[in-house]
Every structure is written in structure tokens, then in C-alpha cells.
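> Take a look at the following structure, please.
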Amino acid sequence: MLGAIKRELFEGIRVAVGDAGYDRDVEPSTVELEDFDDEEKGEFSSAVSFAIAADAGANPMAVAEEIADRHREAGLPDGIASVSVENGHINYHLDVDQMALRTLSTIDAEGAAYGTRDRDDPDRIVADVSSPNIAKPLHVGHLRNTILSDALMNVLEARGHDVTRDNHLGDWGTQFGNLLHEYVEFGDETAFEDDPIAHLLELYQQFEQRDSMLEDVEEFDAVTDAFGEAVAEERAFHVDDGKEWFARLERGDEQAVERWERFREASIERFKRVYAELGVDFDLWLGESFYAREGWNDRVVEKALDEDVAMRGPDDSVFIPIYADEYGEAGDPSTAAVDASLDRARELLDEAGSVADADFDAFYIVKSDGSTVYGTRDLATIEYRVSELGADQSVYVVASEQNRYFQQLFVAARKMGYDDVHLEHIDYGMISLPEGSMSTRGGQIVTVREVLDAARERARDIVAEKGRDVAEEGIDTIARKIALATVKYGMVASNRGKDITFDIDEAVSLEGDTGPYVQYATTRAYSILDAAETVPDVEGVDPAAFNDTDHNLLHHLGRYPLVLGRCEERYDAAPLARYLLELAHVFNSFYHKNRVLDAEDAAAERLVLTDATAQVFENGLGLLGIDTLAEM
RNA sequence: GGGCGUGUGGCCUAGCGGAUAGGGCGAGAGGUUCCUAACCUCUCGAUCGCGGGUUCGAAUCCCGCCACGCCCGCCA
């Protein structure tokens with residue numbers, strides 16, 4: 001509704017600028033939505049006058065007056081009461097009575113759908129989300145990914161898109177060969193049965209630690225040649241056998257596959273428990289192995305060679321050359337410009353003599369031993385999503401350390417002719433610990449389990465201390481929801497791109513700008529609604545009963561759909577999180593300044609307003625995967 | 001060395017071309033016979049990393065420098 005008015009204002013300004021005799025393009029962004037409580041700025045403002053005045057060498061104030069006059073003559077949009085000029089800005093003032101009624105009746109009519117939109121031609125979006133590696137525990141990095149992507153996908157769905165969440169498991173690659181090797185050599189059946197992930201993690205770490213230790217010894221000048229040789233031999237034994245196991249896996253060797261499947265199933269089973277606790281769901285669990293085992297890797301390699309975008313190395317390796325000037329907006333089909341031919345690569349190769357020295361990046365899709373790499377799998381994934389799922393967008397929620405890789409992948413995809421699919425890497429900052437960066441290898445991680453447990457414990461203490469009329473058996477349920485709100489809100493609200501130093505005490509805090517703050521505001525609204533017998537009909541609302549505090553709240557409620565639009569544009573749910581916090585501030589303030597139930601002349605009006613506010617909280621928090629609470 | 005990203009009050013952080021830079025934590029002062037004080041109101045506190053430039057207008061765009069992080073593997 002505010003969005004519609006904004007568009008009308010933009011059109012009106014454009015016409016008014018022309019009517020005033022100025023020849024100048026006006027951008028839609030010239031119309032800004034302002035806060036309600038600003039008498040000077042009005043609820044919408046525009047600063048077009050300055051640019052026009054600068055062009056014409058005129059006074060901005062006069063230009064603004066002129067445009068405002070023309071606009072007024074042509075007729076202001078429905079819902080706008082007046083236009084004024086202040087400091088050269090053109091300010092539009094809402095017809096607050098009309099807006100109050102429109103906002104309340106829209107929310108009342110649309111209910112849970114308020115803020116969402118339908119599309120005639122929605123995009124089919126397939127997304128890599130969560131994507132943990134099997135045989136390792138979920139850590140805070142996965143937590144950030146999972147929460148971020150869940151919220152974002154919810155928002156994209158609310159904006160009318162057709163979203164498929166694919167938990168793109170890391171379940172293929174050399175590391176699983178290593179793990180098979182280690183398991184065969186040192187595995188313990190009982191320990192595996194007892195806690196599969198813990199045992200597999202132990203084996204993984206053991207392999208890595210031994211390998212890096214042997215590497216260090218190797219680099220050191222050996223005491224004797226024989227000792228040096230023995231070290232090299234020992235290291236090669238493990239590494240080669242690991243590779244061999246992966247090769248067996250790729251060949252479909254029964255023993256390898258059977259063990260790998262056990263690892264995979266046990267891991268997924270554990271993951272699912274955590275996901276259930278988090279309240280997130282996926283549509284697909286394809287994982288990297290799917291593309292290897294179902295022939296998609298082969299298909300994509302063939303295609304790359306057939307279409308002459310990939311070339312063979314001196315051995316049997318296959319790669320797609322990527323030139324330095326091709327990095328850019330490759331994710332966007334409309335701006336992609338790549339040189340798919342191999343002529344340049346051949347020339348550069350002649351000059352340099354070897355692939356490694358040549359002045360291009362080689363994006364490998366087949367290794368010299370014939371096995372695939374992650375790039376192969378990711379191209380195969382695109383092929384699958386486009387041909388089988390009819391994807392219009394393939395998006396990747398993956399940490400920013402892989403930015404460069406995704407640029408390469410997108411360039412490679414363009415070269416292969418995937419021109420109708422929008423590719424989007426949704427990156428997010430790295431998580432490190434106060435003690436330094438996280439490392440699964442070195443055992444320095446914080447698991448999702450630890451975070452959830454700590455959050456719940458903290459929430460439980462607070463509920464027991466401050467919770468009102470909460471029955472003993474209800475404490476756990478409520479504490480769990482509050483704990484999730486804390487963790488989820490914290491993860492979504494912070495700027496996606498920024499690195500986070502994860503301090504568990506801070507992350508689990510329930511004070512200030514947090515999820516529970518928003519929950520609390522909602523609970524207060526519920527409490528009022530609960531005390532009232534019924535919510536009066538919107539039709540009976542007298543807008544004249546509202547004061548400025550009420551109008552401020554109404555204005556915020558009206559903004560909600562615009563916020564979702566912004567989230568969609570930016571592939572980021574953070575604006576929604578911040579909006580809800582603001583709404584909670586405004587509502588809490590409203591709560592203190594106004595009486596609702598026993599208000600002398602606005603009880604019915606404020607009850608309707610409170611009901612509408614609760615609805616927006618529910619809708620918004622719902623998209624973030626945060627539950628509201630009747631009491632806390 | 002090259003590429004990408006970040007730098008906003010003591011701390012965390014929003015804003016990313018428009019009118020006095022918005023929150024939170026911390027510090028200080030108030031507020032509850034009344035719909036949940038996990039709250040509200042007020043005060044203190046910012047050369048928006050530094051230096052140039054573009055613009056009527058720059059925290060926001062461009063260039064240089066500094067600091068920090070990440071990447072630069074036939075690992076993922």
C-alpha cells in the first residue's frame with residue numbers, strides 16, 4: 001500500500017517535472033519513505049529539485065516549489081493529503097486517517113498473507129543450503145548458514161517464488177577415501193555404533209594430524225637417509241591408500257560403497273535430529289555423491305569437451321581456462337560476457353609452456369587420475385537443476401572464503417552455455433573463535449549442540465526467574481523457543497558479509513537487541529488480546545481516535561511489505577530482522593504511553609491496532625523461523 | 001605479490017548519494033496501586049580508519065595509503 005503510493009508519487013513527480021518545463025529523468029529512488037514522527041519531512045520526500053536546480057542554475061527551493069505546485073495541480077495520489085517544501089526538499093504528508101483505516105483493513109483481510117505477494121511467473125529457485133560434510137559434527141558455521149538460508153528462502157517464498165532447498169551434502173571426494181582407509185586400519189565398531197560422528201571425526205583428525213606431522217618430519221633434514229625414506233614411505237602408504245579407497249568408491253566397489261553408505265546414513269540421521277530441533281526442513285538431500293553416482297559428472301565433462309570449452313592437459317586432466325578479465329558479473333545472464341573459445345588459452349599456453357605457468361586460471365573438472373573435483377560436481381549440479389528441475393535461479397549459500405571459487409564456477413558455467421539461469425552466490429562472513437579461527441581438523445570448533453545447550457540453559461534460568469505464571473512443565477518448552485529466538489535472531493540480524501568472532505556468552509544473551517525482545521513485545525500484545533473478550537470489527541474503527549503514538553505504530557505496520565521487497569532484492573533477511581526489532585521498540589513505546597483496554601475513547605481502535613501488530617510480528621518472526629509465545 | 005571484503009561513540013552495530021549519523025551494551029538519573037519492568041523515559045558519549053577527488057550535496061561513489069580478515073590446491 002505504501003509501496004503503491006510510493007510508485008504513484010514517483011510517476012506524479014516525473015510528470016510534474018515535465019510540466020514545470022524541465023527535461024530530466026527521474027529515478028524511482030528519488031521518492032524516499034520517511035519516519036512518521038517527522039513533521040517537516042512528511043512521510044515521503046524527494047530531493048529531485050537539487051539536481052534539476054544544479055542543471056538549470058536555478059534555486060533549489062524555487063524549483064521544489066514549482067514541482068510541488070505542478071504536482072498539486074495534477075492531483076496527488078489517493079492517501080496523500082498535502083505536499084510542502086522545506087529546505088529544497090519536496091515533502092508529502094499522508095492522510096493519516098485514511099491510511100490508518102487502509103492499513104488496518106489490509107492486515108485484517110490478508111492476515112497471515114500480509115506482506116506476501118503472488119507472481120504470474122515466479123522464478124523456480126534451487127538453493128544449496130546448510131551443506132555440511134558428513135562424518136563431521138555441525139558447527140557454528142553450519143548454524144549460521146542454516147539459519148541464514150532458512151530465513152532467506154522463507155522470504156523468497158513469501159515474495160512469490162518457487163523455492164527448492166537442497167541440502168547439498170559434502171559426501172564425496174578424496175577425504176572420504178582417507179576416512180575409509182583410516183576406518184579400515186583403526187576403526188572400532190563399538191565406538192562407531194555408540195556415536196558415529198564422534199568416532200569418524202576422531203579418525204579424520206587422526207589421519208590429518210598424522211599426515212601433517214609426517215610432512216613436518218619429511219621437511220626436516222632426516223637424521224639418516226633410511227629414516228627419511230621410512231617417513232616418506234609411511235606417509236605415502238596412508239595417502240595413497242586413501243586415494244585408492246576414493247577411487248574404489250567412484251568405481252562402485254562394493255566394500256567401499258557399503259561402508260561409505262553407513263557413514264552417510266549415520267551422519268544424516270544425526271543431522272536430522274539437530275535440524276528438527278532448529279525447526280528447519282529441506283526439499284532435497286542430493287549431496288555431491290548424487291552427481292557422481294547418477295552419471296551427471298560424466299555428462300557434464302562430455303558436454304564441456306564436445307562444446308570445446310574445456311581442454312585436455314598433457315596428462316588426462318580436463319580443465320576450462322578462465323581469463324583474468326572474465327571475473328565480474330557472471331552470475332547475471334544479462335551482463336555476462338565470456339570468451340568461450342580455446343584460442344586464447346592455446347596461445348597463452350604456447351607462450352608459457354605449461355598449464356601452471358600460463359596466464360589463465362585452470363578450472364579443473366577431471367584430475368589426471370581420472371577422478372572428479374568439486375568443480376565438476378558443481379557444474380553437474382547446474383546441469384541437473386536446469387535440465388531436470390527447470391531452475392531459473394541456482395543459488396549458493398556458502399561462506400565468503402569461497403568467493404573466488406564461485407566466480408570461477410559462474411564463468412565456467414557461462415562458457416558451457418547455461419545462459420538462462422541466474423547464478424547467485426550468497427556469501428557470508430567467516431566465524432572465528434576468540435581463540436582464533438575454527439578448525440575441524442585441529443579440533444577447535446564450537447558445535448551447534450553446544451550453542452543450543454548453552455542458549456537453552458540460559459533461557460531456562462531467565463524464565464524460571466522472570467517468567468510470569470509459567471507452569472513448571474511449560475518452562476522447558478518456553479525456554480527452548482526463547483533460546484532459538486536468541487540464536488536465530490543473532491545470526492540473521494548481523495550483516496551477512498561481516499566476519500563474526502563467536503563468543504558463546506554474547507550469542508546467548510537475552511538482553512537488548514535480541515530475538516526475545518521481539519518475542520516479549522509480541523507476548524505483551526497477546527496478553528492484551530487475551531484480556532479483551534473479542535477484537536472489534538475493523539469497520540467500526542474511528543480513525544480520529546488515534547494519537548501520534550498510534551499513527552507511528554500504524555506507519556511501521558504499513559512498511560512491512562516494503563521491507564520484504566528489500567530483503568528479496570538483496571537476498572538477505574537481515575532487513576526483516578532489524579525491522580521487527582524497530583517494530584518492537586515502537587510497540588513497547590506505544591504500550592507505555594497508551595492504555596488499550598481501558599482507554600477512554602480509543603479502546604476499540606487500539607485493540608484492532610494491537611491485533612494487527614501481533615499479526616505482523618507473527619508473519620515476520622515466522623519467516624525468521626522464530627516462534628511467538630503466549631506467555632514468557 | 002595479486003584478488004575479494006571489512007574499518008562508524010569505551011565495546012557491538014544500523015544506514016551505503018540527500019535535510020540534525022539510528023540502535024544496543026556499558027555509565028548516570030528517573031519511572032510499576034494500572035493490559036507481563038525480559039519494558040519505558042531522559043542524560044553522557046562519534047574528526048563515520050587516514051589523505052585526495054567527483055557532486056548542488058559524500059559515512060555512502062572514485063583514486064591512493066594504513067590496519068585487519070579471507071582466497072590465490074588436479075582439497076571442499
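Cβ coordinates come from backbone N, Cα and C, glycine included.
Below are the features listed in TrEMBL for this protein:
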| type | residues | note |
| --- | --- | --- |
| DOMAIN | A:3-94 | domain 'Arginyl tRNA synthetase N-terminal' |
| DOMAIN | A:518-632 | domain 'DALR anticodon binding' |
| MOTIF | A:132-142 | motif ''HIGH' region' |
> Taking only the residues in the motif ''HIGH' region' (A:132-142), give me the average pLDDT of this model.
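It averages 93.
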> Mind checking which residues reach the motif ''HIGH' region' (A:132-142)? Cβ under 8 Å, same chain, six or more beyond either end.
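For the motif ''HIGH' region' (A:132-142), the far contacts come to 169-171, 175-176, 179, 197-198, 200-201, 204, 263-264, 267-268, 271, 274, 287, 399, 430-431, 438, 440, 445-449, 451, 502.
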> In the motif ''HIGH' region' (A:132-142), how many residues does DSSP put in helix, strand and coil?
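So the counts come to 3 helix, 2 strand, 6 coil.
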